[in-house]
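Structure record follows, encoded as structure tokens.
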Amino acid sequence: MAFSKLLEQAGGMGLFQTLQVLTFILPCLVIPSQMLLENFSAAVPGHRCWTHLLDNGSVVPANMTLKALLTISIPPGPNWEPHQCRRFRQPQWQLLDPNATATSWSEADTEPCVDGWVYDRSVFTSTIVAKWDLVCSSQGLKPLSQSIFMSGILVGSFIWGLVSYRFGRKPMLSWCCLQLAVAGTSTIFAPTFVIYCGLRFVAAFGMAGIFLSSLTLMVEWTMTSRRAATMTVVGCAFSAGQAALGGLAFALRDWRTLQLAASVPFFAISLISWWLPESARWLIIKGKPDQALQELRKVARINGHKEAKNLTIEVLMSSMEEEAASAKEPRSVLDLFCMPVLRWRSCAMLVVKMTADGILHSVGRLGAMMGPLILMSRQALPLLPPLLYGVISIASSLVVLFFLPETRGLPLPDTIQDLESQKSTAAQGNRQEAVTVESTSL
């Protein structure tokens with residue numbers, strides 16, 4: 001709350017906040033491509049077993065059609081199309097007889113695709129499914145790779161929350177963009193599926209840091225009255241990135257090219273992010289008022305606010321005295337659960353703010369990681385995935401509706417004391433309202 005007053009003295013909302021939003025729009029446009037990339041790069045093309053008659057040009061009979069060759073080489077599948085995972089051990093010539101029936105061959109005449117698969121490349125010229133044969137007995141590896149990616153965001157959300165409080169938001173943002181760019185680009189050179197999954201984990205780990213640092217910097221440098229509008233703009237950019245991915249995948253049909261298009265921009269974003277100022281709030285809490293004053297004056301200068309000369313070290317320290325004192329008290333993640341004020345609220349003070357955000361992101365990514373695994377159960381229990389998805393969503397919405405307080409127009413709490421004072425003020429207001437109603441009725 002105290003920092004909001006300092007931000008007003010630095011010009012409140014102005015050109016700096018506009019440039020900051022435009023800067024954060026860049027990663028928000030590209031991040032959805034990384035998150036949803038495997039909807040296209042891991043698409044499952046049509047496929048069948050490789051067979052000698054069909055795919056070895058030297059032994060293909062010249063007087064036979066492709067349909068006839070399929071008939072004697074590939075057994076029919078469940079939908080009477082060529083089976084995707086089995087082939088005949090030997091050509092079943094008797095099936096060319098117009099009077100042939102399903103009893104003309106048995107399961108014993110078939111075998112798995114021991115020589116690999118042939119893929120339909122009319123839609124996608126290349127996918128990771130076709131590269132590493134993630135079909136038939138290996139089809140479970142495809143959702144597993146997405147779960148590993150989500151687990152990277154899960155771990156990163158927790159780790160980066162701790163790292164940010166120790167080393168700052170700005171260097172973490174630049175490093176995470178660079179990490180995502182390097183790991184994402186390196187996936188196209190992965191020789192095995194295991195290495196591919198490992199690189200995707202590292203990329204997701206960095207992505208979590210981008211989420212946390214950009215969100216925190218934006219909130220801390222934005223006035224309360226404009227915070228909702230700012231977050232709406234960023235959210236729209238994120239949705240636009242999701243929509244743009246479809247067009248990008250339509251133009252780039254090879255998974256390597258698509259992966260590069262979603263990764264290389266982060267090299268530029270890593271460089272661009274260096275112009276952003278470090279969080280002045282964090283600098284004050286960490287005992288660096290000189291740097292904090294420098295950043296505030298930089299923001300005021302960009303905003304064209306000439307009264308920034310009134311900002312001095314003394315003003316900063318007197319305004320943030322309570323928050324600085326609170327930062328010296330030992331805090332831990334357990335504070336989020338032990339203190340009644342924080343137990344039911346997802347907002348957090350600066351001292352454990354990024355840790356709290358990290359935990360909340362971690363829980364969210366845990367659900368995202370479990371999603372593909374739950375989807376795998378539909379082969380045995382078809383109704384289980386939709387039931388779980390529906391029930392959990394309804395239960396979550398009820399919890400938010402009844403247990404979370406309204407935060408519209410309220411200043412961002414800086415400390416636990418701010419949260420407690422908000423609670424006591426609300427309680428006093430309720431008691432006053434009750435007394436007023438009672439006196440009116442009398």
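Here the Cβ of each residue, glycine as well, is placed from N, Cα and C on the backbone.
Just so you know, TrEMBL annotations never went through curation; they're auto-generated.
Residues or ranges marked as region 'Disordered' in TrEMBL: 422-442.
Marked as transmembrane segment by TrEMBL: 147-165 (among others).
Long-range Cβ contacts of the transmembrane segment (172-195) within its own chain (Cβ-Cβ under 8 Å, at least 6 residues beyond either end) map to 27, 34, 128, 132, 134, 141, 145, 160, 163-164, 202-203, 205-210, 212-214, 217, 256, 259-260, 262-267, 269-270, 273-274, 276. Positions annotated as transmembrane segment by TrEMBL: 172-195 (among others).
The transmembrane segment annotation in TrEMBL covers 201-219 (among others). Beyond its flanks by at least six residues, the transmembrane segment (201-219) meets 20-21, 24, 27-28, 31, 34-35, 148-157, 159-161, 163-164, 169-170, 172-173, 175-180, 183-184, 187, 227, 230-231, 234, 263, 276, 279, 353-354, 357-358, 361, 365, 412 of its own chain at Cβ-Cβ distances under 8 Å.
The annotation transmembrane segment is assigned in TrEMBL to 231-252 (among others).
TrEMBL lists 258-276 (among others) with the feature transmembrane segment. Using a Cβ-Cβ cut-off under 8 Å and counting only residues 6 or more beyond its ends in the same chain, the transmembrane segment (258-276) has close neighbours at 20, 23, 26-27, 30, 33-34, 37, 40-41, 170, 173-175, 177-178, 180-181, 183-185, 187-188, 203, 217, 245, 248-249, 252.
The transmembrane segment feature in TrEMBL is assigned to 387-404 (among others).
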